[in-house]
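Structure first, commentary second.
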Amino acid sequence: MKLVQTIKELQSELDALRSEGKTIGLVPTMGALHAGHASLVKRAVAENDVVVVSDFVNPTQFNDKNDLAKYPRTLDADCELLEKVGAAFVFAPSVEEIYPEPDTRQFSYAPLDTVMEGRFRPGHFNGVCQIVSKLFMIVNPTRAYFGEKDFQQLAIIREMVKQIGFNGLEIVGCPIVREEDGLALSSRNARLSAVEREYALNISQTLFKSCTFAKSHPVAETQKFVEDAIAAAPGLRLEYFEIVDGTTLQKITDWEDTDYAVGCITVFCGEVRLIDNIKYKG
C-alpha cells in the first residue's frame, strides 16, 4: 500500500494501472476510519483491481468551524487499517493541494439538497459535491463507494453523477454497519463519553422498534412514536426525524405513497450530532 499526498503522483500511478486495463475503485473518506469504512473498502477490493481511499477532512462541507476543529484526525491508524483490508493507495492531500484557490462552484440538486441535512446545514452539500467531484476528476474511478448511513448524501451524489456523467462512473451504496448493540458506526462516536454512548443507543433502538410499530400504524403515528421516544430518552435532543420517499427524499403521508420509505433522523447527544436511518419499505 502506498501513501500519496499529491494529485500529480496519484494520477501518474493510476494512469499506468489504467493503461494495463485495471479497474479502479474509490472510497472517499474524511479519515477517523472505523469498521464501517473497512466494509466499504473490502467491497471495493472485491469488485476492482485497485482501490484508492481518500483520507481528507474537507473544510468546505463544514458549516460549523467548531465542528471542523473537533473532527478527529488519525492518519497513522487509518493507514494501518487500510493496509489490512487491501487498499492499494491512500490519498491524503493537504487542503492547499485540493484547494489551491477557493472553490466557488455552486451545485444545486433541489429538492434533494434542500430538505433534512440541507435545511439544517446550509452549504454542507455544496461542499460535499465540491470535494467528491474533485476526487472523481482526480481519480477517474470505475466505481465509487459510499455508506447508506449518509443516506441523503448518497442520493445527491447519485444525482450529481447522473447529471455530470464522470465517464460512466458507477456509484455503489453499501449498508449501514452497526456495533453489536445496534449503534451506527460513526467517526463522531469517538467524541461520546461512556454515559453519552449509552444514551446514543436509544437512537437505533427507537428506529428498530418503529419498524415493528409501522407495520400496523400510519405514517403520522410512526413519526410521533419516534419523536416521543427520543424526547423521553435521557441526554438526547432531536433535530429532525422525517419519513421520506427513498428516491426523492420528499416526505410521505401514507405508506402507499411509495414502494421505498426511509426514516432519517438526526439527534444531538451532548454536543455530538449523530445521524441514522432505517428502511420501512423497499
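Placement of Cβ uses the backbone N, Cα and C atoms for every residue, glycine included.
Features as listed in Swiss-Prot:
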BINDING   30-37, 147-150, Val177, 185-188  ATP binding site
ACT_SITE  His37  active site, proton donor
BINDING   Gln61  beta-alanine binding site
BINDING   Gln61, Gln153  (R)-pantoate binding site
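Proximity to the residue listed as 'active site, proton donor', defined by a C-alpha to C-alpha distance within 10 angstroms, is shown by the following binding-site residues from Gln61, Gln153, Val177: Val177. Long-range Cβ neighbours of Val177 (ATP binding site) (same chain, at least 6 residues apart, Cβ-Cβ under 8 Å): Ala35, Gly36, Ser39, Gly147, Ala184, Leu185. Looking at Leu33 (ATP binding site) and Gln153 ((R)-pantoate binding site), their Cα atoms lie 18 Å from each other.
Proximity of Ser187 (ATP binding site) to non-local residues of its own chain (separation of 6 or more, Cβ distance below 8 Å) is seen for Met30, Gly31, Ala32, Leu33, His34, Tyr71, Pro72, given in sequence order. For the binding-site residues Met30, Leu33, the ranking by surrounding Cβ atoms (within 10 Å, all protein chains) places Leu33 first. Gln61 (beta-alanine binding site) is 18 Å away from Glu148 (ATP binding site) when you measure Cα to Cα. For the residue listed as 'beta-alanine binding site', the count of additional Cβ atoms within 10 Å of its Cβ stands at 20 [all protein chains shown].
Cα spacing between Gln61 (beta-alanine binding site) and Gln153 ((R)-pantoate binding site): 11 Å, rounded to the nearest whole number. For Gln153 ((R)-pantoate binding site), applying a Cβ distance below 8 Å and a minimum sequence separation of six or more within one chain yields Glu117, Phe125, Val128, Phe146. Counted within 10 Å of its Cβ, the other Cβ atoms near Gly36 (ATP binding site) come to 20, all protein chains included.
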